[in-house]
Amino acid sequence: MTAAGVAGVAGVATVAALDPEFVREVLECPICLETYNQDQLRPKLLQCGHTVCRQCLEKLLASTINGVRCPFCSKVSRMSSISQLADNLTVLKIIDCSGSASSATTSSLMCRSCRSRLPRRHCHDCGVVLCDTCAADGRQHQGHGVQAIRSAAEQRRRELGARLAALREAAGDIQRKKAAIDSVSRSLRLKYRAVQQEYARAELRLQEELGRSRRAFSTAMTEVEKLNAQVLEEQTYLLNIAEVQVVSRCDYLTMRIKQGDIALLEDGSSNDEDELDLKSSLPTVLKLQDPELVKAEYPKALEVGQLTTKPCTINTDEEDGHELPGAAAAPPLDLYRDIDMIAAVEDSVCSSPGSFKSKSVDGGGGQQGRGGKALVRSSASS
């Protein structure tokens, strides 16, 4: 492949990426502004490197002798015939591709009507680009809004720029709303933590109250047991004394029975009185404390763990005010700072029957027991 052929292929590969104005300068004769073709408008290279169509060169050569002056750089190309000038193979290769399998690459640059000339006009109603010849044809585009491509492109750029600005503004609004949602999310997490810590503190207070109730219950129960044990101990002591006296009396009477008749009759009255005094000293009533639960269960469900919600409206368009009320960072709560104490309290609460009261119980006996009525109530029953 020749260097000109390589240049032509490279031109075809990059033509779609070039600026339309630059492509127009390559494919149009700068004198007559007609698009190059393979015939009368065949592109010719002057010795200075500029390209002009064959038709314009013939006109220039007809007015000069033995040469053509370049209308752009004024350099004279010495020749006696146009055939002495080489063709611009790159431009011809691009033109050849317009009718080949690669026509999609180059045909997109041509007039949408004739497909042979570069467009200079744009029909707003049809949405196509046209060359000057096709735009002047009043049969197809009569009454349509036809204007120069550059003017139409600038207008289109302004419209797209306005839409782009609106989209960028919408993107900014979206980012601001996302930031507001992130702020609300952080505020909600703080509020969740604050509510959980508030519940944990209430739970600890309840455990402390139950612990105090358990200790009061244990103290009262111990006191009742102590009072009843003291009463029973005193009565047992008195009964032991009476038992010793009875045994002693039985031995005495056994000895009396074995005496003679006269001795037995002489001491009978005094012995009867002593026996009556012994019976009257025996206990007949026992004053004891009978423990009884006041309330073994809480009368109603605990309300410390109930959760309620209320509507909360947050305006994401505002710069500030994205925090929920009460969502300030709560002080950290170490729920396990007294884990041993809490475990002991929970064990006590689980085993505690609640609060109780004791009442006096009269049994048989001679003396009243000490104490009286003991009453203990837990804070839950009040």
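Every residue gets a Cβ built from N, Cα and C, even glycine.
According to TrEMBL:
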DOMAIN    29-74  domain 'RING-type'
DOMAIN    106-149  domain 'B box-type'
COILED    150-212  coiled coil
REGION    350-382  region 'Disordered'
COMPBIAS  362-372  compositional bias 'Gly residues'
For the coiled coil (150-212), what's the model's average pLDDT?
92
For the domain 'RING-type' (29-74), what does DSSP give as the number of helix, strand and coil residues?
9 helix, 9 strand, 28 coil
